[in-house]
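Asker: Per Swiss-Prot, active site, phosphoserine intermediate is recorded for 103, and the stated evidence type is sequence analysis. Taken from Swiss-Prot, the feature Mg(2+) binding site covers 103, 242, 244, 246, and the record attributes it to sequence analysis. Marked as phosphoserine by Swiss-Prot: 103.
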């Protein structure tokens, strides 16, 4: 079996709807291939959730057909955050969980990602086994062994109660005014209820999904509307989730953005204050230098993993630590959950706000963010601009200018045809100029 993935990226199979591999016929076969592999594992039961994209209906049906042909039973949750599917997979003792979502991407993209029976990303060997099955022709099991489908009617209520259980029982959100932006995505019927039931006054936005407006000028990838609303409503803070509820960005009462690095810092510092910190914090190559320095001042260990929440998870398991994050808003808290969970992460920050009697603004000021500029350059074809001599020369020049007061990172996106150029340092003007210089070199060599 080849150890090179053809379809699975860093976060499952993803692409534009109607274009291979996000087509009904491929997804049907993917369901069958996954079913063939999972049927060998045990229960033959799979939990399937989705976000609010209009294409979710089509892909859900295709998956169901493929799984049934392989003899697996599918239980559908309807629109449900990705971490909720991970949780329900565990609690129902299912063989796997499947999420139909393209996370923070626009509505015209979609994807399929899998969770193991433990609520974690599938192991590499299972993904490779599924890919191997995709090369075969579909063979139905005998009619008497075909899988059935059912719907889980209380999925939302179960997950709401789970989220609330991660908030300290002695604390309440009473007296807090929150603006909650659900990105017109999978948290729209979950998150506002979680915070309300814990006592907060909630102003909800991004809670009117129509299949086409997921992540559209709302949510964790675009917090401008949230920033404006928090200030207008004189709210204590705002929380923004992405389309599938595994990313969170927060906004303080002044309208300042609080990203994944700052959120992880606040959670780690609060755990240290309570004497409950287990180990250190895992970030990524994109994590701001300010977070690393802020944690160092507190005596909290910090290491970087490759970009992608699966690599953060791998490093956490390797180190035996509990807190990991990406600045984009993936926050993994292994003492609470098995994967990135935006609502649960938000609740831990709120617990810090209430428990310390400090504002989010005050808590976030504990670390100083270095200016960081990210440029995305789209490319096509099989050429790798990162190998071009002109690009390497531009990087060398910038690194020499920044010296020890900054850093450069170039990488290919794991989910889109993009080269990501990141420059970080103390001098904001120099950082901006440097990022544009490298991005132009990449464009010229695409």
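Each residue, glycine too, has its Cβ placed from N, Cα and C.
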Asker: Taking the Cβ of residue 242 (Mg(2+) binding site) as the reference point, list residues of the same chain whose Cβ is under 8 angstroms away and which are at least six residues distant in sequence.
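Answerer: Set apart from residue 242 (Mg(2+) binding site) by at least 6 residues yet with Cβ under 8 Å, we have 103, 104, 183, 185, 215, 219, 220, 221, 248, 329, 342.
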Asker: Between 103, 244, which of the recorded positions has the fewest other CB atoms within 10 angstroms in the structure shown?
Answerer: 103
Asker: Please give me the CB contact count at 10 A for residue 246 (Mg(2+) binding site), counting all chains in the structure.
Answerer: 32
Asker: Centre the Cβ atoms of 103, 242, 244, 246, go out 8 Å, and tell me which other residues of that chain have a Cβ in range of the Mg(2+) site.
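Answerer: For the Mg(2+) site, the extra neighbours are 51, 81, 82, 101, 104, 185, 186, 220, 241, 243, 245, 247, 342.
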Asker: For residue 242 (Mg(2+) binding site), just give me the three-state DSSP call.
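Answerer: It is coil.
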